[in-house]
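Structure first, then comments.
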Amino acid sequence: MFTFNTIEEALKSLQNGEMIIVTDDENRENEGDLICAAEYATTENVNFMAKYGRGLICMPMGRSLVEKLCLPPMVLKNTDNHETAFTVSIDHVDTTTGISAVERGITARKCIDPNARPEDFRRPGHMFPLQAKDNGVFEREGHTEATVDLMKLAGLREAGLCCEIMADNGEMMRTPELISMAKQYNLTFVTIKDLQAYRRKQEASALAVEQKNMSPMDC
């Protein structure tokens, strides 16, 4: 009997620079994504995503980073089935073509550099930033929001990489195949539903502590 990993285990994996698998609801996309922190967008991690994920490698990030880098929406009217919030695609100016695993890693890591400026990135490019909703998976149950929520909870920069996972036959992997992949490569595997539950518990606990520490004069 397979048991999903805990969110705590996922956070530890991300902090250690490892990739994890995150799956959404079977009534939504019913897909799994490989996810890693932007800090750990290494050549090895990007190459693994390209080789074994096979989907589009994107870079979910919070609103503040999108605004800092002046990344406008890819389109004015978003008609995507799940309203995935693509911005213009980018390459860092230090790259050549921008498409290699090495150079996509450079672009991702440069995005979270505290000194990053909009003019440091060419447009269009081969890295696809996605803007997460402000309230994360409570507002939208997508891999974009899950990525940013997980980075926040892990104490990492609010940006990561995600890549949809396809099977050998070109179809999207579903849960049974994702379980096999997680076992084969020893990857932590969690669900967005569990992430929502974890956030509810953490935020309710934080609120209870805050209320307990309030003096009568604060009420």
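Each Cβ is built from the backbone N, Cα and C atoms, and glycine gets one as well.
Feature annotations, courtesy of Swiss-Prot:
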BINDING   Arg28, Glu29, Asp33, Arg140, Glu141, Gly142, His143, Thr144, Glu164  D-ribulose 5-phosphate binding site
BINDING   Glu29, His143  Mg(2+) 2 binding site
BINDING   Glu29  Mg(2+) 1 binding site
SITE      His126  site 'Essential for catalytic activity'
SITE      Glu164  site 'Essential for catalytic activity'
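Mapped onto this structure are the features recorded in Swiss-Prot.
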residue	record	DSSP class
Arg28	D-ribulose 5-phosphate binding site	coil
Asp33	D-ribulose 5-phosphate binding site	strand
His126	site 'Essential for catalytic activity'	strand
Glu141	D-ribulose 5-phosphate binding site	coil
Glu164	D-ribulose 5-phosphate binding site	strand
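The recorded positions under consideration are Arg28, His126, His143. Their Cβ neighbour counts within 10 Å are lowest for Arg28. Taking every pair among Arg28, Glu29, Asp33, Arg140, Glu141, Gly142, His143, Thr144, Glu164, the residues recorded as binding D-ribulose 5-phosphate, the greatest CA to CA distance is 17 Å. Working note on the binding-site residues Glu29, Asp33, Glu141, Glu164: by count of other C-beta atoms within 10 Å of each C-beta, Asp33 ranks first.
Spacing of His126 (site 'Essential for catalytic activity') relative to Glu164 (D-ribulose 5-phosphate binding site) is 16 Å (Cα to Cα, whole number).
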